[in-house]
Amino acid sequence: MLWEAYVVAAELALSLVGCIWAIRVASPGVEYTQLRLTPRPRSGRLRCAFHAACLAFFISVLVAELVKTHGHGLAFYTCWNFILQIIYWAWALLDARGVSRGRRVLLDVVFPASLLVMAVVWAILYPLAKAAHATEQLLNWTSYVQHGINVPLLGLEFYLVCADSIPMAMGGLPLLVLWGTLYGVAAWIIHEVTSFWPYPFMKVESPYAPLWYFLVCVLHIAFFGVAKGLSWLAWRPLHLKASRVESLDTDSSATARLLGDDTVRV
């Protein structure tokens, strides 16, 4: 075995151990406990229709992709994430009141992962495919959905969820990194069975392989940070406005009490 393989194996092992430890310490989802404690109305018909339409659309795209690739699409991280997104849309449809902590944590994983996949595909993989004159795998309608159209749909859901309740918590970060690490382990197993690497930068024969694996891990963390910032931007304006209204109501009540006291004195 090449030295690069040992280094990459050590990276994956450290990532697995670190993520499991962080999950045990952080207890992902505990930050969203207040969702169950606060009475919340059911989602409107338009919101439920949006969830149902996305669920049906994503399932149809996944089926088309697997039929087209004869099931080989399951070897790619894109397909893994797309399946996770389908699970989210189904969960959102069932959780009409938006009180499920698990659903919020899952959204904290699938949205940053979708941003990451889109960026890697179009910034790294597409130039490589274009240089090799093999862009047909990326320039087709299922690819456009899995590496592009899904992002604004998830982004809209992410905005609505964060603006309506509380901003994104940090508990989903170790789960996101663990998800990517598990795929890295699965890719090794796929290679051992089929001698096929799903992505060119995963080949451990390259002396740059340890750097690539480390970079992918860092990108998971970076895109989680991007999503965290977006959630704050979605949440802050509406809740600042609500705080101002509450402050004005408090000031008005205090003024009314003072005026009432003055009237009594007169």
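In case you wondered, yes, glycine gets a Cβ from its N, Cα and C as well.
No curator has checked TrEMBL annotations; they are predicted automatically.
Taken from TrEMBL as is:
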TRANSMEM  6-27  transmembrane segment
TRANSMEM  48-67  transmembrane segment
TRANSMEM  73-94  transmembrane segment
TRANSMEM  106-129  transmembrane segment
TRANSMEM  141-161  transmembrane segment
TRANSMEM  173-191  transmembrane segment
TRANSMEM  211-235  transmembrane segment
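Looking at 6-27, 141-161, 211-235, the range that has the most CB pairs within less than 8 A of the transmembrane segment (173-191) turns out to be 6-27. Note on the transmembrane segment (141-161): residues 47, 50-51, 54, 57-58, 61, 64-65, 68, 78-79, 82, 85, 88, 92, 98, 104, 107, 110-111, 114-115, 117-118, 121-122, 227, 230-231, 234 of its chain, located 6 or more positions outside it, place their CB under 8 angstroms from a CB of the stretch. Within the same chain, residues 170-171, 173-175, 177-178, 181-182, 184-185, 188, 204, 209-210, 213-214, 217 sit at least 6 positions outside the transmembrane segment (6-27) and bring their C-beta atoms closer than 8 Å to a C-beta of that stretch.
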